[in-house]
Amino acid sequence: MNRFKTSKFKNTTPKIAKKDEWISNVRAGSFSSQGNHIKASSKLVAFNTEQAGGGVLGVSSVRPGSDGQWTVKQFSCHSDLVTDMDFSPFDESLLATCSGDETVKLWRLCEPEKQQPSSPELTLRPGRGKLELVHFHPTSSGLMAVATSNSPLIWDTSCQDAPLAVLEQHSDQLQSLSWKRDGSLLASSCKDKMLRVFDPRAQLTPVQSAKGLQNNKDSRVLWAKDDFLLTSGFDMMRGREVKLWDGRKLSSSLSSVSLGTSNGLLIPLFDEDTGLLILAGTGDTVVDCFEVSAAEPFLTQVSHCLTDIPTRGVAMVPKLALDVMCCEVMRVLQLTDSCVVPISYHVPRKHSGQEFHDDLYPDTVGTAAAMSAAEWWQGGNKQVEKVSLHPDKQPKTSAAPAKQAPAKKELPGGGRKEDVTRGCSTSSSPLSTPSSSAAPSRSPSSTSGLSSGFAPSPSPSQAAKTIQGLLGPTSKFRHIQGAVMHRDTHVTNLRGLNLTTPGECDGFCVNRERVAVPLAISGGQIAVIERSQPGRLPDTATPTIQNSVNVADFSWDPFNTHCLAVAGDDAKIRLWQVPKGGLTETLTEPELILQGHTEKIYSIKFHPLASGILASSSYDLTVRLWNLDTGDQVMLLTGHQDQIFAMAWSPDGKLLATVCKDGKVRIYDPRQSTAPVQEGPGPEGPRGARVVWVCGGKYLLVSGFDSRSERGLYLFSADSLSSGAVANVQVDVSPSTLIPFYDPDTSLVVLTGKGDTRVHVYEVVPEEPYIIECSSFNSPEPHKGLVFLPKTECNVRDVEVAVGLMLTKASIEPVAFRVPRVKKEFFQDDIYTDTAVWWEPALTASAWLSGINGKHKKISLKPKDMTPVSEAPKEAPVRKYLPSSVYLEEKTDEQKKEELLSAMVAKLGNMDDPLPQESFEGVDDEEWDD
C-alpha cells in the first residue's frame, strides 16, 4: 500500500461477538510469564488458568457444539506455572507446553467433550532451569525453539539426547522469540534492550544484532512480511511504541508508532496474507489494527476496537477456520478473566455471504509439513505448500481409523514418550503429521453461521434450538418487579441503629408480629417494634432488651412470636420473652441462658420443624445443638478447620449444612454422627459465604466469593458434594456477602448484601441451566438488611410472590415482589402452590431427638371469591381488524368513480343548501346614524 493506491483492507471492521457467543467459565488471571497466555489451532483453543498455581490449562473448541454452546475443560499439565504454549502448524491437536518446572511437554488433545489426556506424549528435560518460551518451526515437523531465561535452544523431538543447537547466551532475561516465515532465521528480544537475529544452521552467534529497544520493560519481536521485523515495547518515557525494522539492517527502524502510556505489554499478532497487524495491551480494553506495507507509510491504522473487559492475552485463529463466505479476513480471541471473546475482522463487500471474494483470500500456507527436522538441519529450505481457501476447492476429508496409543517408553537424554488417556485417538509418533492434516478438518464454508463467523450454520432441525439458545432459558418469573410499598406502612425515625453487625448476622430479624433491630448503644441493646403500629417513632427513648454484651446474632423462634434468641460475644445464648403487645419496659433478665461454647458465637439457627431445637456455631470451631425445653446441650458437631460462615437446616429437618472459611461445604446428620457425612469444595474466596437448601433439599446453593473477590452463586448436589459445583453464576463485585432468601413454593432465591442498593432474583431449577436470572430490584438508597415475611403476608390479588422488610439507616420499609399478569382478577394457581405452614411446629424437641421425623401441613392461598386462572373461561378471539378480503375485494372502475364522487360531495356538502349569511337579519334604515 502507498499513498497513491487504496488498500482493499483499509475498511476492515472489527466485530465483537455477542455475549452468548463468548466462551465462558474461563478462570484466567494475571500471569508472570513471557507467553501470550492463549493459543488456537483451527479446531482447539488452549489458555492459561489460575488454578494450581497456573499449572492447569483450559481447553475449548474454536467452533461451538451442536447445541450452540462451548464446552470448557481443564487439565493439569505441569507442577508449576505454564509459561508458554504453542499448537503445531501441522497437527491441530498437538500442543507443546513449557513451564517453570523445567520441562517441555507435548500433548495430543481431544475434543473438549472428551476426557483430556492424563499424560503427555513426550517430555523433554533440558536441565537448564526455568523454561520461558516454546515455538514450533513454521515449515518442518518435529522442530521447535525453546527458550530458557537467557538462551534459545533448537530441538528436534525425534532426537531427544540433546538440542540441535544452544544459541548464544543473552546477557539478561530473554523476553520473546519469533521464527521467520520461511523458517530460516530466528529473532529474539531481551531485557538488555538488544534485538538479535540468528541463523541456527550457520552459527550459534547472532548474524544481526542492535540496540533496538529503549526500555528494559517487557517487549515482543515478530517477523512480518518479507524481511521486516516488528517490535513492541516501551520508549524512554515509558510510553508504548511499535517499530518496524529491516531484518537485514538493524541499525535504525523504518517506522514507529506511539500508542500512549500504559503499564500493559503490547502483544503483536501478524497475518501475512493480509498484512494486518493486531496490537492488544494486557490490562487494556482496546485492540488496535494496523496494516503493514513494504513502502511508506509503513504502518497505517485500520481500526480501533473498544472491548468490554480488560485483556489478559490474545491469539489469532488460523486462516482455515475463518468464515470466508462472509468476508471474514481475520479472527482474534481475547482472553479475559472470565471468558474468551471472539473478535472478527470483516471487509465490507456487496454480496457478502453469497460469493467468494478471491481478491481478499490469496492462497495460504497449508497444514502439510514441507520437510522433517533433519532435512531442515541439513540445509533444506522447502516451503509449505499453499492451499486455496475457496470452499469448492477444499478436498473431501475421510475419517481415518484411530491408531492404538503407544505404550510408555523411556527415551535417552531426559525425554520420555508416554501413552494417552483412552478416548483420544493418537498417532504412532507424537510429531508425525496425520494423513488428514494436509486438509482442514472441515471446509471453510461449513463455518458460516452467526454474524461473527464463530458459530456454524445450524441445520433446519437445529434452528429452534439456536434461537432458544440466543434468547436464553425462560422463566415465568423473569419479569418479576420489586416495589417499596406505601409510606403509610413504613416505620420511620429509627435512631441509633447498629449498622456494623457481624457478617454472619442478617442485620435484623422479623416475624409476623414484630421486628427486632440492634442499637449502637453499649450493653448490646435490641429494640422491638410492633408491626401493627407503623409510622414515626417518638423522639424519646423506647424500651429495649439489654444483653449486657455485644450482640453477634439473633433470631425469632419460628413457632413463638414472643421468643427472641440472642447470641453474644461472651459465648452465651440468651432467650428473651417479649410480652404480648410489645415492650412496655426494658428487659434485663432473660428467661434462659445457654452456656457451652468456649469462644464467641458466630450464628444461631432454629430447627425448621421441631420446636425447642436450636443450633449455634462458634469461634471454637464447633456446632452445638440445644434443647430449649430443658436448657441442655444435646449434640456437639466437629470437623471444621476455620471460621464457620453459615449454617442451614434441610427442609425435612434431618440434615444440617455448613460452609466454612477452610473452603469446604459440609453436611451433618446430627442424630447419626458428630462428624460430617459429606464434604466437598466450596467457594475459594475467604471473605464470607452463606448456604441455603433448594429444590426440595436436593441441592445446596452457596453464595460466596471466588479467588478474585467476585461475588457468585454455586449450586451443589446434596448427594455428591465431593464432585464440586454443578453450576455457578458470577454476580458482581462488592465487599458484602450476598444473603439469600429462598422461597420453596416458587423456587426463587432473592439475594442482597448489607450496604447494597440492588436486590438480585434468580430461579433455581433441578436441571440445566440450573440458575436462571430474573429481573432485579434497585432500592432508592443503600439498605442494611432485607428479611422476608411468611407467604400468607402476600397479596395474591396483586400477584405478590414475596413480601419483605428492608432496613435503611433510619426506617423499615416493606417491599413487595410481584409478577406481572394480565388476568389479575383470577387466582394465579400456576404460581401459588399450596404453601407450608412453617410457623407451626411439626413435632417436639424430644420427638426429634428420639429419631422421629415430621412434616409441615400445607394450606392454599386462594381466596374463596377468586377463580383459579386454570379454570377461567376461554374467551373467543376478537378480530381487531377487518379481514383482508374486505380490502382486496375487486371493484369495477365505475364503482370506484361512484365512491370517489360520493366522498367528494359529502366533503363539500349539498350545493342547494342556503348559505349561512342568508339567515342573518339586517338593520332598518332609520337605525343608521346620519
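Just so it is clear, glycine is given a Cβ too, placed from its N, Cα and C backbone atoms.
Sequence annotations record features per position, and here TrEMBL assigns compositional bias 'Basic and acidic residues' to 384-395 (among others).
Marked as compositional bias 'Low complexity' by TrEMBL: 396-405 (among others).
Per TrEMBL, compositional bias 'Basic and acidic residues' is recorded for 407-421 (among others).
The compositional bias 'Low complexity' feature in TrEMBL is assigned to 425-456 (among others).
Residues or ranges marked as compositional bias 'Acidic residues' in TrEMBL: 921-930.
The domain 'DUF1899' annotation in TrEMBL covers 3-65 (among others).
What TrEMBL lists as domain 'DUF1899' is 470-535 (among others). The predicted model assigns the domain 'DUF1899' (470-535) a mean pLDDT of 87.
Per TrEMBL, the feature region 'Disordered' maps to 384-466 (among others).
TrEMBL lists 908-930 (among others) with the feature region 'Disordered'.
Taken from TrEMBL, the feature repeat 'WD' covers 75-109 (among others). Here the repeat 'WD' (75-109) has long-range neighbours at 31-36, 39-44, 46, 48, 52-57, 59, 116-118, 120-136, 138, 141, 144, 146, 155, 157, 365, 367-369, 384, 420, 424, 426-427, 430-431, 433-434, 437, 441, meaning same-chain residues at least 6 beyond its ends whose C-beta is under 8 angstroms from one of its own.
If you look up TrEMBL, you'll see 167-199 (among others) marked as repeat 'WD'.
Counting residues 6+ beyond its ends, the repeat 'WD' (594-636) has Cβ neighbours under 8 Å at 502, 504-505, 552-555, 557-560, 565, 567-575, 642-649, 651-653, 656, 658, 668, 670-671, 674, 838, 841-849, 853-856 in the same chain. If you look up TrEMBL, you'll see 594-636 (among others) marked as repeat 'WD'.
Feature annotation from TrEMBL assigns repeat 'WD' to 637-669 (among others).
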Inset, instruction - Determine which residues of the chain contact the repeat 'WD' (167-199) at the Cβ level, with the cut-off under 8 Å and only residues 6 or more beyond its ends counted. - result: 34, 132-133, 135, 137-140, 145, 147-154, 205-216, 218-223, 225, 229, 231, 233, 245, 247, 250, 272, 376, 381, 383
Inset, instruction - Provide the three-state DSSP residue tally for the repeat 'WD' (167-199): helix first, then strand, then coil. - result: 0 helix, 16 strand, 17 coil
Inset, instruction - Using DSSP, tally how many residues of the repeat 'WD' (637-669) sit in helix, strand and coil. - result: 0 helix, 17 strand, 16 coil
